[in-house]
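Visitor: So TrEMBL says this about it:
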- 18-84: region 'Disordered' (REGION)
- 22-38: compositional bias 'Acidic residues' (COMPBIAS)
- 39-48: compositional bias 'Basic and acidic residues' (COMPBIAS)
- 59-70: compositional bias 'Acidic residues' (COMPBIAS)
- 163-184: transmembrane segment (TRANSMEM)
- 238-260: transmembrane segment (TRANSMEM)
- 333-354: transmembrane segment (TRANSMEM)
- 409-429: transmembrane segment (TRANSMEM)
- 482-597: domain 'TMC' (DOMAIN)
- 602-623: transmembrane segment (TRANSMEM)
- 663-683: transmembrane segment (TRANSMEM)
Amino acid sequence: VEWSGECLRSCRREVQIKVEEKEDETEESSSEEEEEVEDKLPRRESLRPKRKRTRDVINEDDPEPEPEDEETRKAREKERRRRLKRGAEAKKFVSENEGALGKGKGKRWFAFKMMMAKKWAKFLRDFENFKAACVPWENKIKAIESQFGSSVASYFLFLRWMYGVNMVLFILTFSLIMLPEYLWGLPYGSLPRKTVPRAEEASAANFGVLYDFNGLAQYSVLFYGYYDNKRTIGWMNFRLPLSYFLVGIMCIGYSFLVVLKAMTKNIGDDGGGDDNTFNFSWKVFTSWDYLIGNPETADNKFNSITMNFKEAITEEKAAQVEENVHLIRFLRFLANFFVFLTLGGSGYLIFWAVKRSQEFAQQDPDTLGWWEKNEMNMVMSLLGMFCPTLFDLFAELEDYHPLIALKWLLGRIFALLLGNLYVFILALMDEINNKIEEEKLVKANITLWEANMIKAYNASFSENSTGPPFFVHPADVPRGPCWETMVGQEFVRLTVSDVLTTYVTILIGDFLRACFVRFCNYCWCWDLEYGYPSYTEFDISGNVLALIFNQGMIWMGSFFAPSLPGINILRLHTSMYFQCWAVMCCNVPEARVFKASRSNNFYLGMLLLILFLSTMPVLYMIVSLPPSFDCGPFSGKNRMFEVIGETLEHDFPSWMAKILRQLSNPGLVIAVILVMVLAIYYLNATAKGQKAANLDLKKKMKMLQLLVASNKYPESPEKVHFALLFKSNAICERPENKH
């Protein structure tokens with residue numbers, strides 16, 4: 001330390017002497033250099049005040065510097081490293097952003113990067129517009145949304161979603177069932193199941209016969225009975241019976257999956273909040289639909305909001321007024337009694353119509369008129385048209401709140417459609433049982449016929465002569481009734497007749513009525529537009545229920561008619577254009593509707609219910625009923641599901657087949673089902689607990705906001721504000737509370 005101090009003092013003396021000698025010489029040159037630098041500096045630098053330079057002069061009388069301790073030296077070394085690091089970072093930043101400043105070598109590279117970034121942003125924007133343009137019917141739905149609001153547009157969004165679901169079902173059935181049979185299966189006319197009988201050949205191509213899906217349509221890939229029962233077909237050894245069975249199960253599974261996924265997404269978007277508090281505040285700030293772009297629709301929406309406020313105020317006042325409870329209960333009982341009578345009468349009419357159609361099927365088709373041929377389909381369509389009007393009249397007796405009355409109306413219409421469908425299925429089951437009994441007799445007759453034909457053929461030749469092999473044309477071979485094809489035909493006819501009834505109703509009930517109101521309003525006694533009959537309101541709930549009911553028929557009949565999803569795609573495709581035209585030209589928005597977000601989940605819940613109820617009869621037929629012996633891919637088997645066991649026996653190793661059989665043991669299946677039920681119960685209970693916790697936290701936050709707003713907080717308001725912010729941030733950051 002002493003040696004380093006002595007060296008430091010000697011260096012300082014030398015520096016002092018050199019500075020004193022050169023002070024005079026450098027004074028003039030430094031002043032000139034300062035003037036040159038000042039001229040070169042920008043204006044901002046030249047305006048800075050000049051600092052007076054002071055030189056440290058070390059005298060001998062100065063006290064010696066105190067030696068530094070270890071901590072000071074380490075702190076100084078740390079500070080030096082920190083400054084070096086900052087300098088390196090600053091140098092790196094300047095070198096990277098040199099082009100942005102318009103200087104240095106990176107100027108052109110920076111300009112190129114900026115140009116490419118702008119072009120990339122423009123490309124992304126154009127690509128998003130292109131994707132939006134590729135969405136089917138997006139512009140049409142946006143136009144309807146601007147005219148009628150989001151509630152009417154929600155129906156067309158639901159229709160487009162159903163179109164996508166049916167497109168997937170059609171791709172599965174077409175690519176894995178219909179196309180392989182058409183390409184690799186035996187051609188038309190090679191087998192009795194693929195040939196029109198000799199008695200029907202004359203009228204097989206008539207329009208009336210084809211309209212009823214008989215004749216050539218019946219003996220084609222459109223229906224179950226056309227497919228052969230060979231295990232493999234074509235050069236690829238495609239297993240058609242196995243594919244037919246698995247595609248039918250896959251369509252049901254996919255439908256369940258996509259409906260549940262859509263419901264889960266809607267529940268996540270909705271959030272499950274409590275709308276009962278601050279009812280009038282919510283009505284003030286959230287009632288308007290900002291997607292409306294039509295003045296007439298805006299006036300209708302304004303009147304609807306005004307009516308909602310009046311009804312809410314009246315409801316608040318009526319809650320404090322005593323009502324005649326006994327009279328209201330009697331009227332509601334009477335209304336429900338009429339509803340049950342209507343449901344029972346509609347079910348009886350459908351059962352009676354199905355029985356009559358079975359009697360007509362045994363008669364000569366030429367002796368039947370158009371009504372006898374289409375009686376059952378027309379009865380179901382007419383009941384679906386007029387029964388909802390009766391339900392609306394019965395609802396006037398109940399004196400419910402309009403929203404509650406609308407929910408009751410939707411529930412009754414849904415019960416009507418579902419009841420009619422199940423009555424139709426029960427009537428078909430009777431017909432199926434009759435066909436199965438008839439098959440036993442036909443089977444015995446075919447055996448006798450074959451024996452007699454072979455005996456007669458052998459008798460026609462002498463014992464010493466040999467003739468050609470015995471051959472009978474497929475059109476002349478007797479065949480049994482194919483009940484699977486009969487079921488598929490009934491569902492296809494129902495779908496087609498329902499489409500035609502809907503289109504005729506729109507043309508007569510909407511278009512002609514709108515033309516009458518539009519052109520006769522100038523010469524009529526009263527205002528037809530605002531009085532009777534006025535324009536037709538677009539019934540969102542009724543149209544959605546009809547769409548759900550039709551989709552239930554598709555799920556129920558697609559196993560016996562693989563072409564049914566394709567027919568439904570054509571129906572939905574034409575319905576989109578036809579109903580878009582009808583809405584824009586003939587209809588006005590409904591006065592009272594559900595919120596679009598709530599109604600979607602409500603409709604999806606009904607769709608899930610009808611999916612479950614429509615697949616139960618199909619699964620019962622697959623498991624319990626024997627297939628026809630001479631038509632379809634499962635002919636020759638006792639049950640349709642035996643194709644799985646046949647595949648395990650022939651196409652899998654013995655050890656794998658044994659494992660799969662053990663997995664299908666009823667004891668193991670029951671245990672798995674029990675575990676699944678317990679897991680569903682646990683998840684449901686957990687979801688309810690989280691929902692209750694979310695509502696509780698919302699109430700606490702509202703109370704804190706009220707305390708802060710009313711200045712009734714404790715001594716330190718900053719604590720309340722901080723607690724409120726901290727609580728809200730903690731709630732929002734939780735994964736289960738992202739909504």
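Glycine is no exception: its Cβ is also placed from the backbone N, Cα and C atoms.
Structural setting of the listed features?
Guide: Tertiary proximity for the transmembrane segment (163-184) is limited to same-chain residues at least six positions away from its ends with a CB under 8 Å from its CB atoms, namely 136, 221, 226-228, 233-236, 238, 240, 243-244, 247, 250-251, 254-255, 258, 551, 554, 558, 562-563, 565-566, 568-569, 572-573, 576.
Same-chain residues lying 6+ beyond the ends of the transmembrane segment (333-354) with a Cβ under 8 Å from its Cβ atoms: 375-376, 379-380, 383, 387, 390-391, 394-395, 397-398, 412, 415-416, 419-420, 423-424, 426-428, 431.
If you look at the transmembrane segment (409-429), the same-chain residues 6 or more away from its ends with a CB under 8 A from one of its CBs are 339, 342-343, 346-347, 350-351, 354-355, 380, 383-384, 387-388, 391-392, 395, 487, 490, 494, 541-542, 545-546, 548-549, 552-553, 556, 606, 610, 613-614, 617.
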Visitor: Could you give the number of helix, strand and coil residues in the domain 'TMC' (482-597) as assigned by DSSP?
Guide: 81 helix, 4 strand, 31 coil
Visitor: Give, as a single whole number between 0 and 100, the mean pLDDT over the domain 'TMC' (482-597).
Guide: 85
